[in-house]
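Pulled from TrEMBL, these are the features on record:
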| type | residues | note |
| --- | --- | --- |
| DOMAIN | 6-223 | domain '14-3-3' |
| SITE | 61 | site 'Interaction with phosphoserine on interacting protein' |
| SITE | 134 | site 'Interaction with phosphoserine on interacting protein' |
């Protein structure tokens, strides 16, 4: 099929999503963004782009966690050869993670954020920017990790500032608060700040939008009870 229009790119992205071919979904949505020619893409297109990248990055993040867990086990057993093999493989996954993050961050900086005309779009994209810098901070080390963490904090703070015009129960504002709290907990190792942020949002939003607030409440209980525990955290 010769895809030649923005509408067809959107349709093909939906087909790719149904087929769970998320790399191709990303490609189609990048073409949608290019076809918009500097104007703001629609909410539907924005959500499709987010879903595409979330699935592509999510698979690699899950792989990285699994491989890291195996690495720790082999290291504790003193299996040096296995550890070296695992680290080589993990480096490959990290390269893929970097490429995916760099791709969406470049698109956000060059096109999506500058073209965002509505308040919720700007918050959405700034949150997305923070999310993908956070994903980099999950596996980078040293100065690169510090730089990624600084960029995450800057993006989330900017999103938070722009979100003041949105209702406290707005899904994008809630998602931002949830992911910001994940950043404090997992990247900055600050469970107190994470819990305080989660509590603030919980009090502001109850009893409406219960699905999001239940997620935040559940996270707050988990952090309070288990303190320094790490693992796969839910996010939006």
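Residue 1 is the first one shown; counting continues down the chain.
Glycine is no exception: its Cβ is also placed from the backbone N, Cα and C atoms.
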Query - Rounded inter-Cα distance in Å - residue 61 (site 'Interaction with phosphoserine on interacting protein'), residue 134 (site 'Interaction with phosphoserine on interacting protein') - result: 12
Query - Cβ-Cβ distance under 8 Å to residue 134 (site 'Interaction with phosphoserine on interacting protein'), same chain, at least six residues away - result: 148, 149, 152, 179, 182, 183, 187
Report summary line: One finds that other Cβ atoms within 10 Å of the Cβ of residue 61 (site 'Interaction with phosphoserine on interacting protein') number exactly 18
**Report entry** Integer mean pLDDT for the domain '14-3-3' (6-223)
**Finding:** 92
